[in-house]
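*Asks:* This structure is in structure tokens; I'll ask about it shortly.
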Amino acid sequence: MADTTPNGPQGAGAVQFMMTNKLDTAMWLSRLFTVYCSALFVLPLLGLHEAASFYQRALLANALTSALRLHQRLPHFQLSRAFLAQALLEDSCHYLLYSLIFVNSYPVTMSIFPVLLFSLLHAATYTKKVLDAKGSNSLPLLRSVLDKLSTNQQNILKFIACNEIFLMPATVFMLFSGQGSLLQPFIYYRFLTLRYSSRRNPYCRNLFNELRIVVEHIIMKPSCPLFVRRLCLQSIAFISRLAPTVA
């Protein structure tokens, strides 16, 4: 019976598989569109003016993907505090908020990388399922590229976490340079606390700990000036107080 189940890729064509999993297919298409728009922003082949519009399109497409994923995870919407608390635990809700933070802001290359790379990783995973539905030996070159992406997934997730962390001072810099809004750093701080507390993606939290260990190792060397050491220790203590408690 398992071989004839319509949800399984074995024995089903690629089109049938995608039609059976309509919501996953819709997210796959929106992620591919996000990758396309993000790439045209990072590599402005059509001009700088068009690049800015692709920046917005990428974030809007990512917001759509995040909303669909959030609906998939929590299908029964309720206007209650308990439902909101549950939604804020979901990574898809985090990146829905992320997209809304930056969609109308000054285009920043650093802010597009998490959107681009998450979309690429998730799209690659679903593409492999589509290829399996098409046939186990179909498109071997594409399969090789997807396997390389999967092999480097941890490094990509660490790079995304690095972007998430260093976007915090970037939003403050944008505020003082006149390119950001007054509320943006505060809303982004809320996003960062959600990422720090994420149950499914600990990379942001782990990277904070790794950065603290590296900085402490450097400033404890005898060659480090005393005022630099004191400033760094005070900064570490301040950031640690801002960090949310993780169960």
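Cβ atoms are placed via backbone N, Cα and C, with glycine included.
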*Asks:* Hey, in Swiss-Prot do L88 and I239 share a topological domain, i.e. the same side of the membrane?
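*Replies:* Same side, per Swiss-Prot.
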*Asks:* Same-chain Cβ contacts of the transmembrane segment (101-121) under 8 Å, 6 or more residues past its ends?
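*Replies:* For the transmembrane segment (101-121), the far contacts come to 31-32, 34-35, 38-39, 41-42, 51-52, 55-56, 58-60, 62-63, 65, 95, 149, 153, 156-157, 159-160, 163-164, 166-167, 170, 174, 179-181, 184, 187-188, 191.
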*Asks:* State the non-local partners of the transmembrane segment (156-176) in its own chain: residues 6+ outside its ends, Cβ under 8 Å from one of its Cβ atoms.
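*Replies:* Distant Cβ neighbours of the transmembrane segment (156-176) are 105-106, 108, 110-111, 113-114, 117-118, 121, 149, 182, 184-185, 188-189, 192, 195, 201, 203-204, 206-208, 211.
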